[in-house]
Amino acid sequence: MTAQAFGRPASSVPPAPGGGPTWTTTAARLLHAEWTKLRTVPSTWWLLGTAVALMAAVGAGSVSAVSTDQCASAAACQEDTVKLSLTGIWLGMAVAAVLGALALSGEFGTGTIRATFTATPRRWRVLAAKAAVLSGVMAAVGAAAVSASLLIGRLVLPGNGFTAEAGYPPPSLGDGPTLRAAAGTVLVLVLVALLGLGLAALLRDTAGTLTATLGLLYLAPIFKTLISDERWAHRLERWAPMPAGLSIQSTRDLDRLAIAPWPGLGVLAAYAAGALLLGALALRIRDAAD
């Protein structure tokens, strides 16, 4: 996996008859250019395949490791089987962050970003096109990973005692909370990829971007286990991007959450939007060679 992978510049487009290219033509050109960069890079497909495999494998391991035999009764387990099936998101987010970072930092690393900005002087448009393409790709991959994870949970959980008769209906997208958790998990992957993209525009360095993105995501859960003050633990769950964002996966005991599912996802979205806005500002005021 190399940063050079994302080094193909956007191509210029000839002026339309009677004037320059229209906004629609420019947008289509940029989207096509960014999609071409992404899909022609072997590491892209390795990363996407890894995301699906990891999420499905971790989910399978999680649902296989629990059983109602471990509880006084099946009802006493109080297990959120949908969230358990989607446990693989913890590793899926890391892959999404890497893909988001490489989507831009690679061009800065190879210097080909200069050609991209020469072809498209309004640099925010380049960032917007990358964000749109990245969002579409991550949404498709996330949907595949989530579907596989829920299917595995549906097949494995009843054998471990989590049956409908015991109060654990099999995960189904026909159920409102399950659908919300599934769609929310896909959105978490998209937002994490956009967070990585925004920080890449701001920092322009692959190693620095990955350190910042992964640290922002994973340090809060680690700190939570180390602090004894419940108030600070509650604040971390409410305002840190990963704990807040993952509240969208909960389907049981929502009153015990530090933040409700959709507001929690909104916190993660705010981090991603902030990173993109800062990245767009950095692209505008800094030279491509900096």
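First residue shown is number 1, and so on along the chain.
Cβ coordinates are placed from backbone N, Cα and C, and glycine is handled just like the others.
No curator has checked TrEMBL annotations; they are predicted automatically.
Straight from TrEMBL, the features:
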REGION    1-21  region 'Disordered'
TRANSMEM  45-67  transmembrane segment
TRANSMEM  87-106  transmembrane segment
TRANSMEM  127-152  transmembrane segment
TRANSMEM  181-203  transmembrane segment
TRANSMEM  210-227  transmembrane segment
TRANSMEM  262-283  transmembrane segment
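Segment contact is absent for the transmembrane segment (127-152) and the transmembrane segment (210-227), given fewer than three CB pairs below 8 angstroms at sequence separation of 6 or more. Remote same-chain partners of the transmembrane segment (181-203), defined as residues 6 or more beyond its termini with a Cβ less than 8 Å from a stretch Cβ, comprise 51, 82-83, 86, 89, 92-93, 96-105, 108, 127, 130-131, 134-135, 138-139, 141-143, 145-147, 150, 173, 209-210, 212-213, 216-217, 241, 245-246, 248-251, 261-262, 265, 268-269, 271-272, 274-280, 282-283.
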